Amino acid sequence: MTTLLKTLKQDWSLSATIAGFLAVLISYSGPLIIFFQAAQKAHVSTEMMISWIWAISIGAAVTGIFLSIRFKTPVVTAWSAPGTALLVTLFPNISLNEAVAAYITAAIVIFLVGITGYFDKLLKWIPQGIAAGMMAGILFQFGLGLFLATDTLPLIVFSMLLCYLISRRFSPRYCMLWVLICGVAFSFFLGKMNPVPLDFQIARPQFIAPEWSWFSTLNLALPLILVSLTGQFLPGMAILKLSGYNTPAKPIIAAASLASLFAAFAGGITIVLASITATLCMGKDAHELKDKRYIAGIANGLFYVLGGVFAGSIVALFSLLPKELVAALAGLALLGAIASNIKIAMQEDQQRDPALITFLATVSGMHFLGLSSVFWGMCIGMLAYFILLKPKAS
């Protein structure tokens, strides 16, 4: 333990801590809104809503900290945002107890997929250009969001963009910190902060008994398994691979699904490997040295602990920020990741067409057969890859 603490102290950096904080900030300011919508549809109490947030925050914290320390890799976990969107469409046709049962079913199935090793084999089968095209497509909307935010709060967004350019030139390591300070300062002085009452209190998790039904299993558990594996773990592992980390999928999926199992009883949806926010912790902005970026994963987990303990209060605090500031912050923070993934996708001449098809299908937002554009981008891109590049029979 003493050796571990000494190593953590030596490797700690402010830039990695900021990267971890920004990942939590974006998670709470974006996907968490879907949770509020689901809670309203389910007509749950404020106490139950806080329990949900406590469960997903602590679940993401424990897995992220453990895996980041274990593999010295910036492993960032979160809750399934696509799965949460499913809840909005299903409530109030299913009860909260049925939803919890579906979470448990999904966690068990995902755990079995992880420990059998089949997911690792699937990951090795996907070419780097296809994975990069998919990731660029996922992140592209955030780059667009940066400039779309100028429609409503142009002064704040353009000031953040200018601050980004200046700090990238003179203080690149703490660039995003200056951008955050700039955005908050302009929002405050222009009176654009959201009027949210702050009341700091400790969260108390609520136990929810599961109630199995075929309806919730087929309409929530099964889609949750698919979107978690194809829309979260798959791009999440692809990001790790593209960032130069060869962490196996088996322990990550196993740890996340076990955390999901326990979080479910407090109302927490499936814990998954983060894809979008993970890029914040894996680039040079987190740390110049790749081997020291794991601190960002640990910092991310620690901020999630704070978010879980003060669930209601922390969410209210993040809710102060205007959505345009959050959109601009996310877009600027992910510019480097967007550029690097587009570069990798277009790097090899042979893979360029399949990678471009993957990118366009992913960024399209298509939902054919109810499955996400991430899934279809990967499938269509792989189909193009095998048709165009498979050796012809002599």
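Cβ atoms are placed via backbone N, Cα and C, with glycine included.
Database features (Swiss-Prot):
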TRANSMEM  16-36  transmembrane segment
TRANSMEM  49-69  transmembrane segment
TRANSMEM  74-94  transmembrane segment
TRANSMEM  99-119  transmembrane segment
TRANSMEM  139-161  transmembrane segment
TRANSMEM  176-196  transmembrane segment
TRANSMEM  220-240  transmembrane segment
TRANSMEM  252-272  transmembrane segment
TRANSMEM  301-321  transmembrane segment
TRANSMEM  325-345  transmembrane segment
TRANSMEM  368-388  transmembrane segment
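Through the fold, the transmembrane segment (49-69) approaches residues 4, 32, 35-36, 39, 75-79, 203-206, 208, 247, 251-252, 255-256, 259-260, 262-269, 271, 294-295, 297-298, 300-302, 304-305, 307-309, 311-312, 315 of its own chain, all at least 6 residues removed from its boundaries and within a Cβ separation under 8 Å.
Ranking 99-119, 220-240, 325-345 by CB pairs under 8 A with the transmembrane segment (139-161) puts 325-345 at the top.
Within the chain carrying the transmembrane segment (368-388), a Cβ under 8 angstroms from the stretch's Cβ atoms is held by residues 82, 126-127, 130, 133-134, 137-138, 223, 226-227, 230-231, 234-235, 351, 353-355, 357-362, all 6 or more beyond its ends. Ranked by Cβ pairs under 8 Å to the transmembrane segment (220-240), the stretches 74-94, 99-119, 252-272, 325-345 are led by 99-119. Proximity of distant same-chain residues to the transmembrane segment (74-94), defined by a Cβ-Cβ separation under 8 Å and at least 6 residues beyond the stretch ends, is recorded for 16, 20, 23, 27, 30-31, 34-35, 37-38, 41-43, 56, 59-60, 63-64, 67-68, 102, 106, 213, 215-216, 219-220, 223-224, 227-228, 231-232, 240, 245, 247, 252, 256, 259, 268-274, 277-278, 280-282, 286, 293-297, 300, 372.
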